[in-house]
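Taken straight from TrEMBL:
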- 26-366: domain 'Glycosyl hydrolase family 13 catalytic' (DOMAIN)
- D193: active site, nucleophile (ACT_SITE)
- E218: active site, proton donor (ACT_SITE)
- 355-413: domain 'Alpha-amylase C-terminal beta-sheet' (DOMAIN)
Amino acid sequence: MDYTSKGFDETNQQTDLGAVIRNGREILFQGFNWESCKHDWWRNLERKVPDISKSGFTSVWLPPATHSFAPEGYLPQNLYSLNSSYGSEHLLKALLHKMKQHKVRAMADIVINHRVGTTQGHGGKYNRYDGIPLSWDEHAVTSCTGGLGNGSTGDNFHGVPNIDHTQHFVRKDIIAWLRWLRNTVGFQDFRFDFARGYSAKYVKEYIEGARPIFSVGEYWDSCNYNSHGLDYNQDSHRQRIINWIDGTGQLSAAFDFTTKGILQEAVKGQFWRLRDAQGKPPGVMGWWPSRAVTFLDNHDTGSTQAHWPFPSNHIMEGYAYILMHPGIPSVFYDHFYDWGDSIHNQIVKLMDVRRQQDIHSRSSIKILEAQSNLYSAIIGDKVCMKIGDGSWCPAGKEWTLATSGHKYAVWHK
């Protein structure tokens with residue numbers, strides 16, 4: 001099978017920021033979990049690149065590659081050092097080279113909401129960055145987190161200096177750093193960490209300045225709950241994510257935390273949740289599928305942190321849903337490589353069907369059933385699927401079973 005048609009010609013992409021989002025045929029892979037920093041990670045991933053490519057992933061989200069105060073990478077300090085707990089600069093570049101050979105893009109984890117200082121400044125806090133590149137003073141730190149800058153344009157990340165993105169010198173330095181990651185190091189895509197922490201208009205400026213091929217933001221806040229559990233209506237939750245995407249000038253996609261929150265309750269025998277009052281999917285995917293990155297778990301919600309995990313015995317129903325639906329699906333490392341060959345192969349089979357039947361981020365969807373123990377839908381005009389233990393199959397001889405597993409089935413014409 002020819003896998004070279006996965007993406008576009010890189011030279012066209014350099015001039016066209018929106019090409020990949022318009023095309024809508026991405027399948028993302030999160031290439032790490034919370035424990036990856038304890039292992040020889042760049043080397044481990046390099047060995048898996050051929051399989052990642054053959055499976056059909058277009059982009060791999062890598063953990064933060066720059067020097068960090070915490071081994072997982074989310075307390076950055078020296079942004080220009082590429083030696084991290086995940087491996088040396090040399091091993092990182094070998095991995096990026098291998099990914100390029102196999103036509104899989106590398107997504108950098110961009111942690112620019114906060115930064116650990118090197119020296120004490122105003123108020124005796126570590127809010128200066130003397131002795132390392134981007135040697136900012138206290139004016140680069142928001143006033144609400146102990147600096148001499150302006151107030152934050154978003155939510156605070158507590159316990160560490162938050163970067164003041166209103167400062168022109170800060171934004172100029174960040175854009176230069178992002179361009180270095182993009183053009184010199186060789187990352188092609190960006191994932192913006194803790195996007196609630198600063199205004200989306202700065203993300204727009206950073207994307208325009210560094211021109212990644214694809215961007216996605218982590219805008220994660222709590223879903224709406226009542227005394228009995230999760231509310232049926234999560235419109236205000238998905239609207240906040242959509243407002244963030246709008247704020248980026250529609251240049252960035254966003255992780256669809258709304259769909260995750262609803263789907264992981266639905267699979268427990270509440271599939272009625274998967275159809276909103278208008279008859280559409282209830283997450284960001286139902287309103288703006290070309291910007292919705294759907295997923296089941298990540299290094300925060302699952303892995304060893306398990307802040308908000310997807311029920312483990314329903315994983316394949318979850319993947320049948322996101323891989324057979326519009327939006328931009330993302331697969332988590334643990335499920336693909338740590339949960340056994342059967343799960344790996346079932347996910348690959350669903351990805352094959354998605355590609356062969358040309359399901360894309362804007363595919364049409366018609367929800368047929370959304371009951372307690374059954375959900376079924378037609379996607380595009382050639383695919384239908386069901387999840388849950390209720391029995392269902394499509395009417396008509398033109399449908400052929402494409403793949404099935406525990407509590408899920410997919411047919412095509």
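Count begins at 1; order follows the chain as displayed.
Placed from the backbone N, Cα and C atoms, the Cβ positions cover glycine too.
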Do you know offhand how many angstrom separate D193 (active site, nucleophile) and E218 (active site, proton donor) by C-alpha?
5
Tally of residues which DSSP labels helix, strand or coil - the domain 'Alpha-amylase C-terminal beta-sheet' (355-413)
2 helix, 29 strand, 28 coil
Long-range Cβ list for the residue listed as 'active site, proton donor', cut-off under 8 Å, min separation 6+ in sequence, same chain only, gives R191, F192, D193, F194, A195, A254, F255
10 Å Cβ neighbour count around the residue listed as 'active site, nucleophile'?
19
